[in-house]
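Here's what TrEMBL has on this protein:
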{"type": "DOMAIN", "residues": "21-79", "note": "domain 'Malate synthase N-terminal'"}
{"type": "DOMAIN", "residues": "171-417", "note": "domain 'Malate synthase TIM barrel'"}
{"type": "ACT_SITE", "residues": "Arg175", "note": "active site, proton acceptor"}
{"type": "DOMAIN", "residues": "423-545", "note": "domain 'Malate synthase C-terminal'"}
{"type": "ACT_SITE", "residues": "Asp457", "note": "active site, proton donor"}
Amino acid sequence: MENGYSSKSLPLDAPAGIRIRGPLSEPSLNRILSREALQFVADLEREFRPRVKFNLGCRREEQARYDSGELPGFDPATRELREGDWSCSKTPAVIADRRVEITGPVERKMIINALNSGAKVFMADFEDSLSPTWDNIVRGQKNLCDAVNRSISFEDKARNKHYKLNDKTAVLFVRPRGWHLQEAHIEIDGEPATGALIDFGLYYFHNHSSFRSKHDGYGPFFYLPKMQHSREAAVWNAVFDRAEERMAAPRGSIRATVLIETLPAVFQMHEILYELREHSAGLNCGRWDYIFSFVKTVRAHPDRLLPDRFQVGMTQHFLKSYTELLIQTCHRRGVHAMGGMAAQIPIRDDPAANDTAFELVRADKLREVKAGHDGTWAAHPGLIELVTKVFDDNMPRANQLHIKRDDVRVTEADLLQMPRGVRTLEGLRHNTRVGIQYLAAWLTGTGSVPLYNLMEDAATAEISRVQNWQWIKYGAVLDGEIVAVSVSKELFGRVVEEEMGRIEREVGKKRFESGRYREAAALFARQCTKEDLDDFLTLDAYRHIVKFVPALQARL
């Protein structure tokens, strides 16, 4: 017995070369890691691991060029493809109308509430809104199996409430982890498995047939995160082809929407759609990760310091250009152009503040539908009615694929224009307070956290981290101070100490002492003050949530 789990609950019938190193909290989870399922994901890993590694190496090489002074741009070698006349496969009728989508982690109660929310689509998330503890990953797969089979239920004993699916539910999409994340609890041929292939492979293996039977022969449906180049989309397309072939599923039955949430990817949108054209369900404006990526990509450019996070809104020229180019690109190729996340949540104890928040959401969604988006995201079920009405009032058809946006003329300079605004001490404080609290929750297994009336996930925590790092690295001068103040490690150290005191007062001493706030503060501060910026906060934090049991390896 280790970590409270019996090693006997581990699957003992693993195929050759597969080593399961994570505990399972209940025997019912063993079927997720059946011999057949593990063989399926191992085959994907062995075939595609070299291509994944190659692409991660290409990312490092490209970032080295940006660090040397270059900036991303459109690839001259693929100009003919961008200007060519081609289309993606027709969108299946079952997902023709996606006007409002809700997102959230693969937690049991969340899945039921989101599927019942009235949204057209629920994106169940293994990525930014999930802390990838081993239990969360495996239990999430079981939850999705039960959801697809409509057997999912949840008993909230504290509230004496029973949750089950309505007759009519949202269409399920699943977001696997990005290519850069590993799954340390599964080793294949002596190496940690690729998190994306574990998430996709287990879900597809267990659910492909049942899902297609309920969705006119199409699916399962996916969201694909964090890509930077079309060659990464080509890997996903090959994975889909192989999975369909292995399971005797129709070619092109899998459909996926790609999140354009990195600065390099915005210059590759036509190319990404082309690689996935048989499997494409469009593109999405992953706005928060896009802002994070913008800072990360230009991290070696001291003349490109962003203003306070809350001033970097979608009306800033570089973000407006990005969304309009995405809409034009998608509609030219016959697929959906999905809008971004409304991170606001209902404020139940302050009606005036709640009204203000809802007006911000309404204005944001009106901007999106007027621009030509086919749908949008909301973070909370309480926003679904509001957002649906905005789209219903302004989008009488199932989508807006007929709006081609031929008026859009976006250049590299438009996409690289710096946002305008001020940098303030309060901005530094807010980044620090949010980053520490989010990371403290993430370390205890929670990846989606309501903070200061917004739903925060890894993407927004990343903005806080990289913006702090950028300001410290280049000694940003803060606006609004009587005496000129430059951000330094010393100033940041005082801010961390003072914000930790504020966090303790806000959450209470008991919760503060029992949580992982001090560990989170140390990790966050180290990330913000490193000489060289780490690519992702979660890569460093992941080792703090890995828990192994004595290794079991069968039939080697």
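Each residue, glycine too, has its Cβ placed from N, Cα and C.
According to DSSP, the domain 'Malate synthase N-terminal' (21-79) comprises 44 helix, 0 strand, 15 coil. Here the C-alpha separation of Arg175 (active site, proton acceptor) and Asp457 (active site, proton donor) works out to 14 Å. Non-local neighbourhood of the residue listed as 'active site, proton donor': Asp128, Ser129, Trp288, Tyr438, Gly447, Ser448, Val449, each in the same chain, at least six residues away, with C-beta under 8 Å from its C-beta. Over all protein chains present, the Cβ of the residue listed as 'active site, proton acceptor' has 26 other Cβ atoms lying within 10 Å.
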